[in-house]
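Working notes, structure below.
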Amino acid sequence: PPDFSQKVSESMQYPFKPCMRVEVVDKRHLCRTRVAVVESVIGGRLRLVYEESEDRTDDFWCHMHSPLIHHIGWSRSIGHRFKRSDITKKQDGHFDTPPHLFAKVKEVDQSGEWFKEGMKLEAIDPLNLSTICVATIRKVLADGFLMIGIDGSEAADGSDWFCYHATSPSIFPVGFCEINMIELTPPRGYTKLPFKWFDYLRETGSIAAPVKLFNKDVPNHGFRVGMKLEAVDLMEPRLICVATVTRIIHRLLRIHFDGWEEEYDQWVDCESPDLYPVGWCQLTGYQLQPPASQSSRESQSASSKQKKKAKSQQYKGHKKMTTSQLKEELLDGEDYSFLHGASDQESNGSATVYIKQEP
């Protein structure tokens, strides 16, 4: 359109400004948050420097609508762990970000049937985003937030628990992977393979979180397998890379980074603020990482790739060799169609996938 440049300029005005203080996940201890200060804003993406970083190099990148950042006081209000700052007073020019600027989470009713500690579910591992793992609710917080641990990989002090909202598109009911033919990562060290949920629940004396408590909304997102886009490498979130959609399950997208092996793929929600259209980096002046060539892959493998592996491998479980039919006892007949995925070629938001179909 003739006013394209003006529209772009208007859309580049962001409410987050340098020197604003936020609470953000502690990248070294996922179970807690820390205070960080906005250092710069590019295309709605924030470079946050942890408040106690004297040389301002201890940073974290995320989008301003990321579920990982919150207003000052959020952790205390919901009962989340928080690393108190050694800095006793705000530094000159720093000020708390107004709460209304943060992404709103859906209100939930926790008074009736609700998630409980010890319930089992399936969850995307935040330290290895190519895997969906057997997981357990470890703590129920206020406002619909849950602390979740990956079975078989948890630290004794719970320092690697992570926080997902009950409506998060990154948690799934028991059986979701099996029915949608996604490889489920069983607990590390679990030897009874192929993994069967029914047996595991019985062995651990656990119950599955009710299917009806999970987010069932599927937007009509329009993504198709094979589409190209620009995507944040969430293991190195300052990087935005050339990527391809390789699978679609309801609202869940499998994102492959061009030129890299599949072990670096990421499961990402279709509405994630970490996905961008082709050309976004050029438009905003952000550096785009091109597809890795064979030679550059080999030259980088000793450094950056090794770093990525070290970060993620601690959560890799045994490979599941086959998919077996889930026992009927696990499936609530009324909710079966929620678990059952759309095919990889489907991406519309038709509500029929969540409605019990007559034979």
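Cβ atoms are placed via backbone N, Cα and C, with glycine included.
TrEMBL: automatically predicted annotations, no manual curation.
According to TrEMBL, the repeat 'MBT' annotation covers 1-80, 82-187, 195-291. As annotated by TrEMBL, region 'Disordered' applies to 291-359. Among the features that TrEMBL reports, compositional bias 'Low complexity' is placed at 292-304. Look at TrEMBL and you will find 305-321 tagged as compositional bias 'Basic residues'.
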When DSSP states are grouped into helix, strand and coil, how many residues of the repeat 'MBT' (1-80) land in each?
13 helix, 34 strand, 33 coil
Over the span of the repeat 'MBT' (195-291), count residues by DSSP class, listing helix, strand and coil in order.
19 helix, 30 strand, 48 coil
Could you pull the average pLDDT for the repeat 'MBT' (82-187)?
92
